[in-house]
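Copied over from TrEMBL:
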- 3-142: domain 'N-acetyltransferase' (DOMAIN)
Amino acid sequence: MKLTVGQGKPIRAAASFVRMNVFVIERHIKLTDEFDDKDSDTMTYAVMFDGETPVATARFESPDERTLKIGRVATLKDYRGQGLGAQVLTALEEVAKSRGKTTSLIHSEVTAQGFYESLGYQASSDVFVEDGVDCIIVEKSF
């Protein structure tokens, strides 16, 4: 396994592969909801590769000077339960810390809240609906 963090067309394509499989095909999220205006070649993505195959991903947004917003966290079904999602998140958190960020937040699906809590995140909102899915905001201070 190899973890890559960066920007540009190749890493964006790799992240899109994972997201298409997990969110659009497996979870039936609308294509137009999954891929939004924030996706660009200047967005920072973290992608875990098994050989040449992208298997887990997340993206890095900076809503303000102090906050990291992690989004579109996904791992291919056959690779779940191996800690890859945690490795992807940790990599983005390290980038955030190096850029002076002090807080990370995620719009988590309610079903994934326990995963994020196991990584030190805490719920900071009530449940809300995003793209037709029950979500909650989880946050972590560095």
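Using N, Cα and C of the backbone, Cβ positions are placed for all residues, glycine too.
For the domain 'N-acetyltransferase' (3-142), the model's average pLDDT works out to 94. Taken residue by residue, the domain 'N-acetyltransferase' (3-142) breaks down under DSSP into 48 helix, 50 strand, 42 coil.
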